[in-house]
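A.B. asks: The following block contains the structure, expressed as structure tokens.
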Amino acid sequence: MQSLSLRAHAKVNMHLWVGARRADGLHSIESVMQRITLADSLSLSRLDIPGRCEVCSPYMALPRENTLTRAYARFCQVTGVHDGVRVRVVKRIPAGSGLGGGSADAAALLCGLDTLFGTTLSARVLREVAYSVGSDVPFFLASQAACVLGGGEQLVPLVPKTGYLGLLVWPGLHSGSAQAYEDLDRLRACGVHAADGEQYSLRGATALSAHYAQDCARWRFFNSLDAPVQRRYPVVALARWDLARAGACFTAMSGSGSXVFGLYRDEEELRRAHKLLAKRWCWCVRVRLCG
């Protein structure tokens, strides 16, 4: 095989509890993630330069070292493959939005490299390689919806919610995950309760799965990073408030932000909300939940 094309779907966090920083520098998390129809497009082709991963992104500049180059390097280390590859990425998922664009791209590339070079890695090895690239990457290998636990390496599949439509609002801010977690640690060190929702006992995959199965209007999900991100970027709270006022039955910030999303029950509700919010926000996109 000389080339292939792939899609890398974004995700939203319905829920994100963040625990203390671990010895390895990561924080323990308990999250409910679901993939959505917003996606980047990747085209892979063989390159006659051994050990080279050439990344081209026509609409968004990428740093020289990124999740794609890291994924390629780790793939080569594990498989012994040294053939070069050219990757063309059409970015639709905003960077710094909490929608997992970089991780989704890395997961798609790993699957694509495995196919392109015929290495037939086992699911376990592929997950291990993915986790070494980034804590969110394993989720994007196969899951449509899952409880994500530990440092991101533990996945408990969920039956995807497909009965809702989504509206994304991105305020145009790059919210770095490292900064968000550092801000959360500082708030906690000062004794600030970081998320009102943390009073609820939504802990563990069993409790999260049962809660996720309910109607979204009954969800008590929360995001531990709400307080630190919204203190730094108040416009994120405004965007979420706008979604609620536009009739969303559930709203949340995804990951470490800065994108927020709302869930709607039918096309007409979604159409009205999109028409209203597109006048206020330059990036406002309708999506479906993948199932």
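Even glycines carry a Cβ here, placed using N, Cα and C.
Look at Swiss-Prot and you will find Lys11, Asp136 tagged as active site. Positions annotated as ATP binding site by Swiss-Prot, on the basis of sequence analysis: Pro94, Ala95, Gly96, Ser97, Gly98, Leu99, Gly100, Gly101, Gly102, Ser103, Ala104.
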A.B. asks: Do any residues at least six apart in sequence from Lys11 (active site), in the same chain, have a Cβ closer than 8 Å to its Cβ, and if so which, in order?
C.D. replies: Met33, Gln34, Arg35, Ile36, Leu99, Gly100, Ala104, Asp136, Phe139, Phe140, Ser254, Gly255
A.B. asks: Is it possible to get the count of other C-beta atoms within 10 angstroms of the C-beta of Gly100 (ATP binding site)?
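C.D. replies: Neighbour count, Cβ to Cβ under the 10 Å cut-off: 27.
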A.B. asks: Could you name the residues, excluding Pro94, Ala95, Gly96, Ser97, Gly98, Leu99, Gly100, Gly101, Gly102, Ser103, Ala104, of the same chain that surround the ATP site, i.e. Cβ within 8 Å of the Cβ centre of those residues, in sequence order?
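C.D. replies: Here the non-site neighbours turn out to be Ala10, Ile93, Gly255, Unk259.
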A.B. asks: List, in sequence order, the same-chain residues at least six positions removed whose CB sits under 8 Å from that of Gly96 (ATP binding site)?
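C.D. replies: Residues satisfying the criterion: Leu173, His174, Ser175, Gly176, Ser258.
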A.B. asks: Please compare the binding-site residues Pro94, Gly98, Gly102 by how many other CB atoms fall within 10 Å of each one's CB, and tell me which has the fewest.
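C.D. replies: Result for the binding-site residues Pro94, Gly98, Gly102: minimum number of other Cβ atoms within 10 Å at Pro94.
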A.B. asks: In which DSSP state, out of helix, strand and coil, do we find Pro94 (ATP binding site)?
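C.D. replies: It is coil.
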A.B. asks: Quick check: in three-state DSSP terms, what is Lys11 (active site)?
C.D. replies: strand
A.B. asks: How many neighbouring Cβ atoms, not counting its own, are there within 10 Å of the Cβ of Ala104 (ATP binding site)?
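C.D. replies: I get 26 for this one.
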A.B. asks: Hey, does DSSP put Gly102 (ATP binding site) in a helix, a strand, or just coil?
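C.D. replies: SS state of Gly102 (ATP binding site) = helix.
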